[in-house]
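Residues annotated as active site, nucleophile in TrEMBL: Glu78. Annotation source TrEMBL lists active site, proton donor at Glu82. Residues or ranges marked as domain 'GH16' by TrEMBL: 1-192. According to TrEMBL, the feature N-linked glycosylation site maps to Asn86.
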Amino acid sequence: MANFYDEMDITFGGERAKILNGGQDLSLSLDQYSGSGFQSKHEYLFGRFDMQLKLVPGNSAGTVTTFYLSSQGAGHDEIDFEFLGNSTGNPYTIHTNVYSQGKGNKEQQFHLWFDPTAAFHTYTIVWNSLRIIFLIDNIPVRVFNNNDAAGVPFPKSQPMRVYASLWNADDWATQGGRVKTDWTNAPFTALYRKFNANAKKVGPNSVSTSSINDDQSWSTQGLDAAGRNRIRWVQTKHMIYNYCNDRKRFPNGISVECKTSRFL
């Protein structure tokens, strides 16, 4: 597993972001003055990115914890896991999105089948030239296929860094912004550990992490029969929003990728 000292830079929040246990763990905190965040020292073009997270416990309404990939500049690409907090006893919303050439609007949201604040769980983004797969504890929850040939932009040429943050978004995050952050509970803290990038580094000073011994299965990874069964279970039982079904938001018709098989 990667060492946070070697792999990450704290980007905002100062002392609210702490690397702990000799680089094995990282905590992000949020108070009424600021959130906090970090980013990878390296840029990548395709790979498998794993992170274990333990989310803000108790009344986490208004808070957003993130783990995502993003390029920089106009027309950026981005692959998102966002964890939208909730009032005590109500479930987190797992918010996923894909941006390509600056355009998103590809949201799918889920509730979890476990309490993400009670223990660490592994959240994974697989990004290859064929598809993007979002996994939770190695269970696929979403696939976004490369439909570039059909005119759907797909992130394939802009290197991305890994980012993570904890911030206040109580204008929209919880129940549409109706439930605000309760600052009497601050500071809010989320924990990160066991970051692993089995990925292709790009840019100056980067020796590719791909060696003859590295597992390169991510580069063609798709879903086998068991994976298709699992994603069907997740999307049937635990999906709470799918842009493909939102005809009110997209009155001119759903995007072309929504019309192809979801699980290939």
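Cβ coordinates are placed from backbone N, Cα and C, and glycine is handled just like the others.
Please treat TrEMBL annotations as automatic predictions, because they have not gone through curation.
Taking a C-beta cut-off of under 8 angstroms and a sequence separation of 6 or more, the residue listed as 'N-linked glycosylation site' has the following same-chain neighbours: Ser60, Ala61, Tyr92, Thr93, Thr174, Gln175, Val179. Neighbours of Glu82 (active site, proton donor), defined as other CB atoms within 10 A of its CB across all chains, total 19. Summarised as a single figure, the pLDDT of the domain 'GH16' (1-192) averages 97.
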